[in-house]
Amino acid sequence: QDFCVAIKDPKDGVFVNGKFCKDPALVKAEDFFKHIDPGNPVNALGSQVTPVFVDQLFGLNTLGISLARIDFAPKGLNPPHIHPRGTEILTVLEGTLYVGFVTSNQDKNRLFTKVLNKGDVFVFPIGLIHFQLNVGYGNAVAIAALSSQNPGVITIANALFKSNPLISDEVLTKAFQVDKSIVDYLQGQTWYDNN
């Protein structure tokens, strides 16, 4: 979850740290197993993320790890996003990806990028905006390992222009230093999320 507000009386609270636990006597090997098929990257972004977080594999509960398979069509993009609760390490299995992340304001929002080929590995630090773009001529496949059983995903365009309810035009026009018509245009777009 994104936040946990403390309460004085636990009877009014909710369980935190993943999910409630199954009786250990009832646990089976299947609780720790999941098969992943290739994702279908035929969409507006040209990519498909197949997460294996605690919601997809209950055996991950409280273990602090997860992964995702990312399938890319040629020129496919996993758009700028963050994982608020996990660091990501990406391994390219097939193809060529242009990847990068942006540091925090205190570090002057430096952009770190690299072109990765089959077998290359790259780390995206926790909470930093990052992306992957297939710059090869064929499909690409990568596996992302994350340091949380539920790292969360916030796709930047969706968060800014498709929040519910919408962020006020006054806030966005001032933040981006653009005319209201541009904000209205961006809020009217269909923002895809491949997760």
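We count from 1, first residue shown onward.
Glycine too: its Cβ is placed from the backbone N, Cα and C atoms.
Annotated features, as they stand in TrEMBL:
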type	residues	note
BINDING	Asn78, His83, Glu88	oxalate binding site
BINDING	His81, His83, Glu88, His130	Mn(2+) binding site
DISULFID	Cys4-Cys21	disulfide bond
DOMAIN	34-184	domain 'Cupin type-1'
Number of other Cβ atoms within 10 Å of the Cβ of Cys21 (disulfide bond) across all protein chains: 12
Residue pair His81 (Mn(2+) binding site), Cys21 (disulfide bond) - Cα distance, angstrom, rounded: 30
Which listed residue (Asn78, His81, His83, Glu88) has most other Cβ within 10 Å, given these are binding-site residues: Asn78
Packing count at His130 (Mn(2+) binding site) (other Cβ atoms within 10 Å of its Cβ): 22
C-alpha spacing of Glu88 (oxalate binding site) relative to Cys21 (disulfide bond), in angstrom: 26
Rounded inter-Cα distance in Å - His83 (oxalate binding site), His130 (Mn(2+) binding site): 9
Local confidence of the prediction over the domain 'Cupin type-1' (34-184), expressed as mean pLDDT: 97
